[in-house]
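Visitor: Questions regarding the structure given below will be posed in turn.
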């Protein structure tokens, strides 16, 4: 955490790549931006879609800064012992504490609750198909 870094400095085992290879980083980065498939449906659903590019750039920049700051704090704190995801590092930070288990449980709940969002583009496509077929049968 930030207090650990400010008092003890960065870990002496700080490494450029943590994990087996850069592919771990790429997989984690791809997962971080998993919601990118919602971009077009959200843009088309907006009341003023012409504002979307500016909003999207701002949101993605904020997201990038948040992810980068959390990643850097983890790497500076744990050095070469840092795991690819912060959830694995929580048990190292406070061994025996239920905090890590509670956070992991909350993370699982968030993933389950975000599943319908991933289906939103598919539901819009199916809605258009069903709507088009119902118009054809009504004519």
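Glycine residues also receive a Cβ, built from the backbone N, Cα and C atoms like all the rest.
Given the structure is predicted, the values throughout are model-derived calculations rather than measurements.
From TrEMBL, here are the annotated features:
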DOMAIN    22-131  domain 'Amino acid transporter transmembrane'
TRANSMEM  24-43  transmembrane segment
TRANSMEM  55-80  transmembrane segment
TRANSMEM  100-120  transmembrane segment
Visitor: Near the transmembrane segment (24-43), which same-chain residues lie under 8 Å Cβ to Cβ, leaving out any that are not at least 6 residues past its ends?
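Guide: Sequence-remote neighbours of the transmembrane segment (24-43) are 17-18, 49, 52, 56, 63, 67, 84-85, 114, 117-118, 120-121, 124.
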Visitor: What are the DSSP helix, strand and coil residue counts for the domain 'Amino acid transporter transmembrane' (22-131)?
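Guide: The composition, in the requested order, is 97 helix, 0 strand, 13 coil.
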